[in-house]
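Student: Summarising the annotation, TrEMBL assigns active site to LYS171. Under the heading domain '6-phosphogluconate dehydrogenase NADP-binding', TrEMBL lists 4-162. Annotated domain '3-hydroxyisobutyrate dehydrogenase-like NAD-binding' per TrEMBL: 165-291, in sequence order.
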Amino acid sequence: MTHIAFIGLGNMGGPMAVNLVQSGHRVTVFDLSVPAMDSLKREGASVADSALSAVKDADIVVTMLPAAQHVERLYLGNDGIIRGAKPGTLFIDSSTIDADTAKRVGADAYACNMHFIDAPVSGGTAGAKAGTLTFIMGGSPHAVAQATPVLQCMGRNLFHAGDLGAGQIAKICNNMLLAVLMAGTSEALTMATKNGIDPKVMSDIMLQSSGCNWTLEKYNPCPDVMENVPSSNQYEGGFMVKLMNKDLNLAMNTAADSVSTTPMATAAQSLYRMLESQGHGEKDFSSVYTLFNKHTNT
Ligand code: NAD
């Protein structure tokens with residue numbers, strides 16, 4: 001039986017680790033949050049008292065952390081998990097971070113006779129719970145093949161984007177588009193409402209028209225149009241505004257490095273920054289709707 005260590009049990013990592021347990025794998029977890037570990041313990045995972053003790057006997061290590069600085073700190077250095085694992089361990093980092101950090105961590109893993117892929121995800125917390133995430137991988141074909149059976153326990157669509165770091169570039173491009181789509185959908189729904197059209201009716205119309213997009217299908221930003229989405233739960237849970245801002249910063253840096261022009265994403269970034277500066281950084285990113293519709297509570 002493959003022994004998997006899972007580190008980072010937040011909104012995404014928690015349900016992903018549950019799916020690994022439910023697939024019959026031996027799973028050892030670690031998070032800085034004790035309640036997050038307790039909840040995995042109830043699902044049948046073993047709980048470690050540190051990241052190093054979680055990885056020491058593992059065949060595969062999956063990490064799901066907020067940002068690049070957390071990944072760097074956890075993996076690198078003499079007390080990092082690369083040096084604490086047994087030779088040949090495969091590391092899968094599913095956090096969304098910049099491609100250069102992914103390449104640096106991957107190079108260090110290979111220098112220590114380990115394997116590494118970057119495998120950020122798309123699909124949100126609902127996809128994490130349902131085991132239907134999309135994994136976007138960067139790394140060697142050998143490491144990707146080794147990771148595939150484990151990732152299939154947590155996701156439905158697996159893509160190999162290219163070498164180390166390519167998964168992160170593809171993920172950042174996707175999230176840049178998502179930021180624009182969520183803001184544009186909020187803008188259209190608000191204008192419809194102000195002109196007397198029920199937002200549910202307007203959503204149904206756009207779902208069958210050329211404005212249809214993922215936010216309307218899975219993540220409507222207007223409260224009470226859809227059940228079980230953050231907008232119908234005071235914008236709690238889901239994908240935090242501060243994480244979207246992190247991803248938009250990654251997108252802007254990537255755009256600058258590659259001399260790409262991104263006027264739509266630049267406009268969207270101003271909106272998500274405004275939300276965070278107004279104290280809504282911990283709310284779900286669909287709360288961008290409240291900037292257009294000031295009568296909606298966050
Ligand atoms: P989160 O903040 O809910 O969870 C992060 C978890 O990592 C927390 O439980 C935290 O305690 C833990 N952690 C931080 N440092 C740690 C360390 N050194 N050791 C152990 N645990 C540590 O974030 P999330 O929403 O789960 O997102 C995780 C990553 O996935 C981010 O990079 C995000 O951009 C990406 N992502 C999120 C979503 C989403 O819908 N939430 C979707 C796709 C991708």
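Placed from the backbone N, Cα and C atoms, the Cβ positions cover glycine too.
All TrEMBL annotations are machine predictions without curation.
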Student: Excluding near sequence neighbours, so keeping only residues 6 or more apart in the same chain, what lies with its CB under 8 A of LYS171 (active site)?
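Tutor: Long-range Cβ contacts: THR96, PRO120, VAL121, SER122, ILE136.
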Student: What are the DSSP helix/strand/coil residue counts across the domain '3-hydroxyisobutyrate dehydrogenase-like NAD-binding' (165-291)?
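Tutor: Result for the domain '3-hydroxyisobutyrate dehydrogenase-like NAD-binding' (165-291), in helix, strand, coil order: 89 helix, 2 strand, 36 coil.
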Student: Give me the mean pLDDT over the domain '3-hydroxyisobutyrate dehydrogenase-like NAD-binding' (165-291), rounded to a whole number.
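Tutor: Averaged over the domain '3-hydroxyisobutyrate dehydrogenase-like NAD-binding' (165-291), the predicted model reaches a pLDDT of 97.
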